[in-house]
Amino acid sequence: MSLTDILSPSDIAAALRDCQAPDSFSPKKFFQISGMSKKSSSQLKEIFRILDNDQSGFIEEDELKYFLQRFECGARVLTSSETKTFLAAADHDGDGKIGAEGINLFIYR
């Protein structure tokens, strides 16, 4: 399964266009534009599984900086500031990584 099986390719493209400039990435806005904020919990878990590059069950900071590239291989890398802000917002237990439940809570918050 790929992200385009769950999310519209045109919505993904629009979300990526919105945050092309460095330090313009807003997770909330990206989730809204891409359509992720309208998906069910089970669909979000599948998206999370796809985004979890090493299949560890968590998205760590090293994986998070390549978040946009998981949607499109030519997308930019998140800046250090964007990565840290995103991680801090979605890491609900402070362990330095995001679990599937953490991303669900963050999207619906």
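A Cβ is built for glycine as well, from the same backbone N, Cα and C atoms used for every other residue.
What TrEMBL says about this one:
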BINDING   ASP52, ASP54, SER56, PHE58, GLU63  Ca(2+) 1 binding site
BINDING   ASP91, ASP93, ASP95, LYS97  Ca(2+) 2 binding site
DOMAIN    39-74  domain 'EF-hand'
Remote residues contacting the domain 'EF-hand' (39-74) - C-beta distance under 8 A, at least 6 residues beyond either end: 1-3, 6-7, 12-13, 15-16, 19, 25, 80, 83-84, 86-87, 96-100, 103-104, 107
For ASP93 (Ca(2+) 2 binding site) and ASP52 (Ca(2+) 1 binding site), the CA-to-CA distance in whole Å is 18
Separation of alpha carbons, ASP95 (Ca(2+) 2 binding site) and GLU63 (Ca(2+) 1 binding site) (Å): 15
How many other Cβ atoms are found within 10 Å of the Cβ atom of PHE58 (Ca(2+) 1 binding site), counting all protein chains shown? 17
Minimum Cα separation from SER56 (Ca(2+) 1 binding site), reported as the residue among binding-site residues ASP91, ASP95, LYS97 that achieves it: LYS97
Would you list the other residues of this chain near Ca(2+) 2 - those whose C-beta lies within 8 angstroms of the C-beta centroid of ASP91, ASP93, ASP95, LYS97 - in sequence order? PHE58, HIS92, GLY94, GLY96, ILE98, GLY99, GLY102
What Cα-Cα separation, expressed in whole Å, is found between ASP52 (Ca(2+) 1 binding site) and ASP91 (Ca(2+) 2 binding site)? 15
Calculate the distance in Å between the alpha carbons (Cα) of ASP54 (Ca(2+) 1 binding site) and ASP95 (Ca(2+) 2 binding site), and round it to a whole number. 17
Chain-mates of ASP52, ASP54, SER56, PHE58, GLU63 with C-beta within 8 Å of site centroid, Ca(2+) 1: ASN53, GLN55, GLY57, ILE59, GLU60, LYS97
Rounded inter-Cα distance in Å - PHE58 (Ca(2+) 1 binding site), LYS97 (Ca(2+) 2 binding site): 6
For the domain 'EF-hand' (39-74), residues assigned helix / strand / coil by DSSP: 18 helix, 3 strand, 15 coil
